[in-house]
């Protein structure tokens, strides 16, 4: 049990955490301990969009550079 | 929410000053890249690319410029990661994302390392290996040699560390030509000798900040008088060096005139800093030199850029 495998430092597990809000029924799925605020959710979304844009741009860049490096000869091929 | 929960436990409390998942916005990550420094790097690297002999495809030139910019930004992020403690006590830097608590040190480290490796790999794969090797060395020099070692240990920190900021035109040159030419070495030397008077002018009126942060800048260790003397000496070396591309036939008449006039103004301001040592006029002189030094370097490289673009022939062809 370490911090790296997702277990909290005190050795407890997320699904063993007490239901502090008292809404959990026996047998019901465990409530996760981390709830994002609206601001955190909004910022995570903007980070995700930025990563998507960067990855898309990299794909375009690699495609264009490949065409440039291969040159017009890439179109000359036996059919 | 589970993904955030597992990430939450993958970092230690010391690494995570924030209570809970990250509050970092996209603009915080952009701030880690030091965009103002990056813009100067892009500009000088572009001059290196355009001044290099031979033809380079615009897409390859753009790719090289992008990689150099990202590599410079990655260096900035790693610099902020390492220097977060001293950034927090300096007025100029305390609002940066890490000391302000918006980005955790671990996030900045991961961001900087990812971009460093990515920029070098892409430059090597899409442009050439020499440029990639130079970019890798530049990042290493700035982060390890300057930030981790020299900055906190010697008043010569920005003299030697200035080499990191001087490499971009050489990287650009190597990206375009696959070699290192004499002119690219001259461009390197111009930025190298420009850095000390530029930063020491700033440190003269920010000496208290540096002293509080424990950074051994020259005014803190040797005093303002010695700093003024060193500024003058480096400017005396810089001005003829900046004119040398014209006298060596590597630049045109426009560059010769611009470097002469701007150099004379730079020297005049350095003399003013040397002579005015007390009160508000002394601080004003330092601020003038700091501000003009940026304009000076910009002017030199802008004229080189114009000449490289073969704009008006009467401007570019008369000197060489």
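Positions of Cβ are set from backbone N, Cα and C atoms, glycine also.
Per TrEMBL, the stretch carrying the note transmembrane segment among B:130-150, B:214-234 is B:130-150.
Listed ranges B:15-36, B:103-124; the one TrEMBL annotates as transmembrane segment is B:103-124. Ranked by number of Cβ pairs under 8 Å to the transmembrane segment (B:130-150), the listed stretches B:37-54, B:171-194, B:246-269, B:289-311 are led by B:171-194.
Counting Cβ pairs under 8 Å that are 6 or more residues apart, the transmembrane segment (B:60-82) and the transmembrane segment (B:289-311) reach fewer than 3 and are not in contact. Among residues of the same chain six or more beyond the transmembrane segment (B:289-311), those with a C-beta under 8 A of the stretch's C-beta atoms are 40, 43-44, 46-47, 50-51, 169, 187, 190-191, 194, 197-198, 201-202, 231, 242, 245, 251-252, 254-255, 258-259, 262-263, 265-266, 269-270, 272-273. Two recorded stretches are said to be in contact when at least 3 C-beta pairs lie under 8 angstroms, sequence spacing 6 or more; the transmembrane segment (B:37-54) and the transmembrane segment (B:171-194) meet this definition.
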